[in-house]
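Input: a single structure, listed below in structure tokens.
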């Protein structure tokens, strides 16, 4: 647990970094996280990567119809999950946040059930894959239209302020969202109202095929916070500790009633934008190889190893545990069975009107 709030500089030219490329500690304050916490961060990152790999298998075997790979985002997403109060604070995620969902505690049965559209999906198979939600964990159901969840996040945060709940709304998005009108409207509204919100850009430098330099003339996304009169933090999002400490500072700042912040976590997606994308058409292999050398998982592994918190035997034990959890979650999701067609009539009206009852009866006759 963080014993005190560490003040980080806003609007820096270079990303805030606490772990060097070789795993060395770069912070100007003593590390105050215990070994078990550090190991948990690593395990969650590993689980996020392995879940991502399992999603790829699902699409290639025809068990799902869409994926949005997130390899390279693990440090950022796991850090966010650990920096908030799961089930108390609210999360307004975007479609690449399955690592965040898993680290927050959404069961694998539900995540995989959502990918397969089985009865294990709390959304009853109504969303396209990669669009989970969790009422129990205050995890807002993912919306496809880019940045459309930013105004609802602002509105939720304002309600938290008015009701004095002590909660914080955390809203994540990709770099492409920052070119949408909803993004500006939502953050401006939250800033004007002093809402307890943290807006986090997982900047992987590509909005599908549009690279960052064609997305905006702003040097950084964090710089855009100037327009709203709120703090803007530029962070190395492939550094799990820098991401954790900065996001936690922004969250606690919001919780104290000091208003919203904008955090830019610079990451890189190793895979395509989605299963509908061929990333070799717009980015060179050399670029991907360059970023592969900055992989957040080996980087944090070196950090742990230097502190006697990692060895190959422990790594294999953890991987085996995660494999077993993935197999069990997939088995439970598949055994739940497909969503029945008649479910389409549920949750449409509080009380089914006559015409809906009629349609339901006609469907049952056909079935």
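Placed from the backbone N, Cα and C atoms, the Cβ positions cover glycine too.
Fair warning: this is a prediction, and the values are worked out from it, not measured in the lab.
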May I ask you to find which of 175, 236, 239 Swiss-Prot records for the Mg(2+) site already listed with 204, 206?
-> 175
Binding-site residues clustered about residue 94 (thiamine diphosphate binding site) [Cα within 10 Å; pool: 66, 129, 130, 131, 144] = 130, 131, 144
Taking the binding-site residues one at a time (66, 206), which has its Cβ surrounded by the most other Cβ atoms within 10 Å?
-> 206
Same-chain residues at least 6 apart in sequence with Cβ under 8 Å of the Cβ of residue 204 (Mg(2+) binding site), in sequence order, are 72, 73, 174, 175, 267, 268, 269
The largest Cα to Cα distance in Å among the residues 66, 95, 128, 129, 130, 131, 144, listed in the record as binding substrate, is 12
Once 66, 95, 128, 129, 130, 131, 144 are set aside, which residues in the chain still have Cβ within 8 Å of the Cβ centroid of the substrate site?
-> 68, 127, 142
Same-chain shell around Mg(2+) excluding 175, 204, 206, C-beta within 8 angstroms of the CB centroid, reads 174, 176, 202, 203, 205, 207, 211, 212, 268, 269
